[in-house]
Amino acid sequence: MLNQKLNPTPSEDLTIDVDLLYETDPCELKLDEMIEAEPEPEMIEGLPASDALTPADRYLELFEHVQSTKLFPDSKTFPDCAPKMDPLDILIRYRKVRRHRDFDLRRFVENHFWLPETLSSEYVSNPENSLKEHIDQLWPILTREPQDHIPWSSLLALPQSYIVPGGRFSETYYWDSYFTMLGLAESGREDLLKCMADNFAWMIENYGHIPNGNRTYYLSRSQPPVFALMVELFEEDGVRGARRYLDHLKMEYAFWMDGAESLALNQAYRHVVRMPDGSLLNRYWDDRDTPRDESWLEDVETAKHSGRPPNEVYRDLRAGAASGWDYSSRWLRDAGRLASIRTTQFIPIDLNAFLYKLESAIANISALKGERDTEALFRQKASDRRAAVNHYLWDDENGCYRDYDWRREEMALFSAASIVPLYVGMANHEQADRLANVVRSRLLTPGGIMATEYETGEQWDKPNGWAPLQWMAIQGFKRYGDDMLGDEIAHNWLKTVNHFYQEHHKLIEKYHISGGTPREGGGGEYPLQDGFGWTNGVVRRLIGLYGEP
């Protein structure tokens, strides 16, 4: 196993020789051997074919025309538009008139589509409200009621009410929702918790997994599998009994482990990788290898600069979106270049910790129901995963978890994702103590903990801090008895959010926390979003634990 330095400089381990031809990369040559291991996916299950179509599938060259000309500043706008008539009629009309000299694309789109509303655009916060009051008053603003499905819209109707993050995000998101739920529970909104619990269970029943979000263009991927954590929250807060979700947890597990039994050593299929010693670990994946509908132009431009087959780049970009860390140096071979993305080649520490939690939850609930064989099976699966993680993803020299590049058979970067094993109880006490020292020296700032120590311009890197990472770090270290570090992160984060709130009277998606006064976080493919679901949820929960900052 080849170990990189824990804190490499950009001129050393974090960069690659971009002059090397793609064809000469010995790792990438293995792709030829994996064609049968990673076949083209079948049609997406769970919806009638007509409703599973994404806007790119429906509108073909019209979609590409709109996106390639940047008709809207945000690439997500057009995929979220709803057609005013049958999409086939729209496409036929477009083909008839597009070559006319006086053809106006903007007018055509406005005549044939309803544009999405800007969420919460009319909401003005009361500057006299405390941070707690502000969050509690935002829940109704961010709540969307169930509605009839608009024919041919990309929005997937849900049976119950749900919370959206805010800003450009007008749909519910899988892993965001867990951290939002923490705050809903603290605010006493058990009604919304029940609705969201039913929605996620419904999606598993109908789609076989929880999609990235409730849009057709999100059906081909999921997000970090946190449903087991949601079920635990439902049980703790008396919202729903955990036993009713055992079948749903098993279905989600089957989605993530699909194809595992057929894999030979060093082979992968969808989300599963069989390691050289026969153990099974997981990676992020998307069943499509085309530009994302919601970031179509950005993906096309990224692929142009990669030197790789575009479909491979698109797959890795999509898998990066499935990770929730879109994007980060974690997925890049060259830290300053998004075109070097290789998400599917990495075994992520956080994903495998979440799946350990899923396996453990299935075992625990099976025990409650007296299903002893299932309990024993999943206890063994969790034990096997922990052993594999310790073998491949634990850096004993530096005392931290790191992602693993399974193609190159070497450890990858250190990041705040390393705290997830503590959050789910997968680490031992020695690992937790050693990791605490690394987090203190590498990621901790007066504003919280940063996503990584590498400044790349990507939003899930230095200098940004994100609410879910703070929560998992706080609770993870406290779980292993390090109350001092957990409390320090909590107070630092509350101070960051409150300082920004006192000046701007809003909560935002991410914060710049590396030195100086906390301010808006930057980087990424879209402007900073306010609202913001998971920031509200984590901060509201922390206020319940620590009081108003």
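Sequential numbering from 1, following the chain as shown.
Note that Cβ sites are derived from N, Cα and C of the backbone, with glycine treated the same way.
Per Swiss-Prot, the features are:
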BINDING   Arg168, Trp175, Asp176, Asn212, Arg221, Ser222, Gln223, Arg292, Asp293, Glu294, Gly324, Glu525  substrate binding site
ACT_SITE  Asp326  active site, proton donor/acceptor
ACT_SITE  Glu509  active site, proton donor/acceptor
* Rank the binding-site residues Arg168, Arg221 by the number of other Cβ atoms within 10 Å of each Cβ, and give the residue at the low end. => Arg168
* To do: Going by DSSP, give the three-state secondary structure for Asp293 (substrate binding site).
  => helix
* Asked: What count of other C-beta atoms do you get within 10 angstroms of the C-beta of Asp176 (substrate binding site), across all chains shown?
  -> 27
* Structure fact -> Cβ density check for Asp326 (active site, proton donor/acceptor), other Cβ within 10 Å (all protein chains) comes to 21
